[in-house]
Each structure stands twice: as structure tokens, then as C-alpha cells.
């Protein structure tokens, strides 16, 4: 069944290209003349032309056994015949028809002519694949920046569900800070909220904000990133910037409440201060090395992100231990935990759906950091729920608390 569908699809692709091939026998290739901007007119002769060829799209999403027509566009003619050959990273994922394109030379090259060549992209199996292009003979056109990123998926519906899940867990994590702020306000007390947790949290989200803002807003850092990953995408999106800044802001509000409301003898512990001092030293030392130019600023941001990851691993421990010592979760919002659990669960579920849809289980299990941190947070959320509803469920009566959030 699959073989039959594939043959029909490729036949359709051939049918799309056949009329153009017939036209090529008469006039080499279909040529569309158009005026280009004045800057093009100043570009030198064919032998020194650079970046004069491009693919109309660089990112393409396909379903399995779907065919999509795209164009390779050439600006200007050359005084010799060229052959553009596609190099597919994973030929088992995608197929291009034709795999190479013959570009005829001209005795009188026209620098302003625009010529397009049709290419069919056919999705063979789910996954991600890059496509680059080479030209022979070399030296006439630079194709280093001409490439395709093709994603082939099982189902567009799963892709939409994954997208919606992403926004749901983004919202859940963003709102999760406010139950704790509300319960502090209603009680006029922060007794039961561990200050080590807050101190680690504000440092972690500050590091996360630095990383996101640096990669999103700084052109210099973006250039450093793309010099290492020339065909990559910026890993930081606007919602990442918003979440990290909002999380730092909400944590600052909670810290402010600690100065305004009853707190008894609570303070950041000596161990907590030592940990924060060690993390601060890492940030300051690596930042100083970046200032003198020994490492790039992108590397410094990576060190900041490593600090954030380390904090995520340990930040819940002080609060869990405090609940154990007090035999109570009074003052620690269970609403925060439920929202954090929902966000973490949907984040991991999204990873599973994407791994299935793109047949990318290597990335799922290979990204041990993201998966491990998500799973680690879920384990702590479950532990906090057990503390609240099982281990210390009668603590409300002991502390006469009537605010439950």
C-alpha cells in the first residue's frame, strides 16, 4: 500500500516537472525577466558573484508521503554551464526531484535576469533533515548560505496539539507564582515559606533572564551563536524572555513580602548563603574572563544557564526539609505545586508527542538535561502533594489556618 502511494506521488511530481522539461528543450529553462533593485546592478561579473542564488523557503514542513513544490531562484546569468547538486543529510527522510539542476551558460550574461527552477520535495519518513547544495565548477556562485531545513511528520494534528500544550504549560508555569503571593497576603505572614528556596529561585531566574535576553536582544551574541551554528535557529523565543522576566518579577514580589509580613526567626541559612556565594563566584569569574576577551559572551551566557540548571536541581530541597522538620506544609502554597505539576507533566508529554511525530526518540532520550529536570521537578511536586494531603494533613488544625491556596 505504501509503495503504491509513493509511486503515485512521485508520478505526480514528475508530471509537474514534465511540462517545464519540455520547455527547457526549446529555451534551456523557463526565464522570467524582471527588474531588480539598484544594488544588484552594481554587483561585479559572474566570476565574482556571491549569494546570487537562493531557495524561496528555508524551512519546510511535510507530512509523510506529501509532495511540495519549491523553487531555486537564480539572479543573473553565467558565462559557463553550471550544475547545482543537492546534498541531503538523511535521504531516508526526504527526497528531492530532480536531485541536480543544469544551468546553461550564456555568451552574453544578463546580470538582471531572474530564473527559477522547480524542485519537488517528497516526505519519505518522519524526521528532520538538512539539505545543502554544491555547484560545479566551483567559483561562480557561493551556495554556503543556500540550504533547506525539512521536517517530515506523521500528523499535522499532533503538531497542533503539541503547540497548544506548549502554551498551556507556559501559562500554568507563569500563573504558578501567584497562589504563594496570595496566601502570604491573606495571612500577612511568610512563616512556613523557606527563604533558601526564594534566594535560590531569584538567582536561578536572574540567570535564566540573562541567558534569554542576551540571545534574543544582542546582535553581537546572536552573531556568535550563528557563527557556531550557521544553519541553526535562535533557541530563545519571545515567550522564553517573557517567562523568565516574569518569573524573576514574581519572585521579587514574594521576597518583598518577606520584609513586610511576619516571618519569625526565618532567614537564609548559612548553607544557602554558601551555595549562592559559589554560584555568584562562577558568574563573576567567567564574566571577567569574557570582559578581557578570553571567552565569548555567548560562553558566559552558557555558564549562567548551567547555574540555572544546577539551582533547579536543588532549590526544592530546603522547602521539603523544612516541611519535614515542622511536620506541616502550612505557609507553603499547594496551588503553586499543582500548577507546577501540570506544567511539568504537559512539558514532558509534549516531548513524547514530538518524538513520536518526528520519529526523534534520539533527541528525546539524548536531551537528558531537559527530560531529567522536568522529571525531577515532577518527583518533588508529587512529594509535596504527599506531604500536604497525606503526611501532614492535620497541620491546618494545629496552626489554626483558614487560608488554603
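Cβ coordinates are placed from backbone N, Cα and C, and glycine is handled just like the others.
Per TrEMBL, the feature transmembrane segment maps to 160-178, 190-211, 274-294, 300-318, 330-353, 373-392.
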Leading contact stretch, 160-178, 300-318, 373-392 vs the transmembrane segment (330-353) - CB distance under 8 Å: 160-178
Range from 190-211, 274-294, 373-392 with most C-beta pairs under 8 A to the transmembrane segment (300-318): 190-211
Surrounding residues of the transmembrane segment (373-392) on its own chain - C-beta under 8 Å, 6+ positions past either end: 309, 312-313, 316, 319-320, 323-324, 327-329, 332, 334, 337-338, 340-341, 344-345, 347-348, 351
